[in-house]
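Going by Swiss-Prot, these are the annotated features:
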COMPBIAS  728-756  compositional bias 'Low complexity'
DOMAIN    425-569  domain 'Helicase C-terminal'
MOD_RES   Ser7  phosphoserine
MOD_RES   Ser13  phosphoserine
MOD_RES   Lys39  N6-acetyllysine
MOD_RES   Ser119  phosphoserine
MOD_RES   Lys135  N6-acetyllysine
MOD_RES   Ser145  phosphoserine
MOD_RES   Ser169  phosphoserine
MOD_RES   Thr292  phosphothreonine
MOD_RES   Ser563  phosphoserine
MOD_RES   Lys596  N6-acetyllysine
MOD_RES   Lys778  N6-acetyllysine
REGION    720-747  region '3 X 5 AA repeats'
REPEAT    731-735  repeat '2'
Amino acid sequence: MPGKLRSASKSESEGTEESMETLQKPSEKKTRKEKPKSKTDEATEGVEEAASSKVKAVKKKGPSEDDVGPPKSKKAKKQEEEPQDDPASKSKTSKKKKEPLEKKAPSAKTKEMKAEEPSEEEADAPKPKKTKKGKEANGDVGEKSPGLKNGLSHPKPDSSSTQAPGEESETEKEIPVEQKEGAFSNFPISEETVKLLKARGVNFLFPIQAKTFHHVYSGKDLIAQARTGTGKTFSFAIPLIEKLQGGLQERKRGRAPQVLVLAPTRELANQVSKDFSDITKKLSVACFYGGTPYGGQIERMRSGIDILVGTPGRIKDHLQNGKLDLTKLKHVVLDEVDQMLDMGFADQVEEILCVAYKKDSEDNPQTLLFSATCPHWVFNVAKKYMKSTYEQVDLIGKKTQKAAITVEHLAIKCHWTERAAVIGDVIRVYSGHQGRTIIFCETKKDAQELSQNTCIKQDAQSLHGDIPQKQREITLKGFRNGNFGVLVATNVAARGLDIPEVDLVVQSCPPKDVESYIHRSGRTGRAGRTGVCICFYQHKEEYQLAQVEQKAGIKFKRIGVPSATEIIKASSKDAIRLLDSVPPTAIGHFKQSAEKLIEEKGAVEALAAALAHISGATSVDQRSLINSQAGFVTMILRCSVEMPNISYAWKELKEQLGESIDAKVKGMVFLKGKLGVCFDVRTEAVTEIKEKWHDSRRWQLTVATEQPELEGPPEGYRGGRGQRDGSRGSFRGQRGGSRNFRGQGQRGGSRNFRGQRPGGGNKSNRSPNKGQKRSFSKAFGQ
């Protein structure tokens, strides 16, 4: 086809020149056809009426051009064939029409067509056809402002009108599919609600909201699963509010709630309640949870409630006291359903819901279950409350990654004794003084201690179950408002909390279950923003980290601790930002001192010292990139060929640096592909090693600036060095065995591997029935 079209257009262009003289003679018809052209020329000056006459002229021209045959039958054929030409609205159709025409060819029609086009603007054959079809496709919509939209003021009307449909399609392409599907006009949402949503910064429904709206609005039971930070709260809040406001009757005092939303934590309940209140002014929204006085809540029930949000404990208390009536419920929402129906909450939830639910009754309230994680057991438990015809919306499905895709997942290997100091450095580099960070700890004690640790230079406060409810609310409000930059919390803050602009999430150790990791990491990278989640782990916790990777469908990028250079660079940027916040009135008081400093130290030295002090980076410890230990520097020894064993590197080090290097090197491990090794040396030994070492064609020694990819786990500290003929260090096996393998020695070989010690068992053996028992807190440094 393309070949035919090209050859056809070639022959047509040749035929055009030959037929020019013949086409100039006929007649009154030709004269009549050229009259609209003069009108078209006038239309190029911006007159809209001329534009519409041009559209008509083109339409008239189309059929007359397409009619092939003697002049006498032309009118009749024009009337018969006119409807067939009109529907043509695509360029493909125009190309298809040319083939048969050219087979019939050198008729008057083809010549006439070709003669007219060059006279207008020497364009290719398809151009006028595209113009006509583009205008026909626009229809009545284009009539509103054809002169302006289609650019008729341009001297080439055909080309400009040809661009109009293209311009429209480009505009359509610019609008993401999500925005098209989530446009408010697609849903029965009142103008009042739309205004309130826009005031909250919501200009269209997010995917989970768009896909669940009609299910919720039509009264169907629903299980919905979507990643954290995708707007699940509004997924049920918007349709329920529209439904209740649509059937709003007289608001009687003391009326019972029609909607009950249960949340696992007080903080989440408070937030859900606020989300409801922000998008309705007609309905009464109340939030009941523990740690607050009963009196105010009882008064709210006397006034009447339309939507009740709360935690299971306090709702159950009001039921038992006979103060709360749930018999009029029409809608029940379980937010974060996996935790809600967990062992600790299942009994309370069942006791609450049995008041409003009857066994196998179609009159039971609509039940909505929402969460980012839905284990299989959730579906089994949910069937007790849901109708058999329930709907399911899953925006995660079989996708391997369950965690938020807007979050970068990093992991740092660090002993618990160094953890607080390294976390302080991490916050400096990844968040800074102006950013917001949430640190998650496993215990209340850890959260309290870490928030008060001097290694964290930013203002930090803790949030956990032992803090009074009123103080918890003040703390969360302060963090939201940016009054302080670091929040150290237990799982209290892991679920559902929508805190804007959290730059960094730090997990002090891998959580016990993958769901916790997903929810914790989801506190950053929300509502389209990107974020970073850094998980700290010890050698003992590598298995737990691997489990998180496997079940959450993510891959941690193993990184080293921030280097001294990175810390200083980040700290200086922070200090410069802080200078911008100093008011001009305050600067005047320090000018005299500044001038004196400049005279004594010089401008650059004085300012550099001031920046160092402001940033708090007056002293920065070098740390190992392998295990984060302070006072060590990681070095890389690269080899141009694959190394058969690690002794190959030891031999080269000793040849150049002497036997004494044996005592200075720690934790040697292969690089990826065995094309070198990396190891730690004391900070004070680095200069001496650099002076003695000379690179060769095969060997190059450098100081590592970032953690390299490793072949496997590093050798045990203090067990990674020794002579090539036997194992040395604290994990001493029999001297006759190889350092790298598993020789059975007097104490059972290296405890890094598979040897059994007489009284204990292998340290790395994870079987609970073998070896000496160790306390959990000692093992994990808690």
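Glycine is treated like the rest: Cβ placed from N, Cα and C.
Close to Thr292 (phosphothreonine) in the fold, though at least 6 residues off in sequence, lie Arg314, Gln469, Lys470, each with a CB less than 8 Å from its CB.
Ser563 (phosphoserine) and Lys596 (N6-acetyllysine) are 34 Å apart (CA-CA, integer value).
On its own chain, Ser563 (phosphoserine) has Gln622, Arg623, Leu625, Thr705, Glu706 as residues at least 6 apart in sequence with a Cβ closer than 8 Å to its own Cβ.
Confidence in the repeat '2' (731-735), given as mean pLDDT, stands at 40. Assigned with DSSP, the residues of the domain 'Helicase C-terminal' (425-569) fall into helix, strand and coil as follows: 57 helix, 26 strand, 62 coil.
The Cβ of Lys596 (N6-acetyllysine) has 11 other Cβ atoms within 10 Å, all protein chains considered. Secondary structure from DSSP puts Lys596 (N6-acetyllysine) in a helix.
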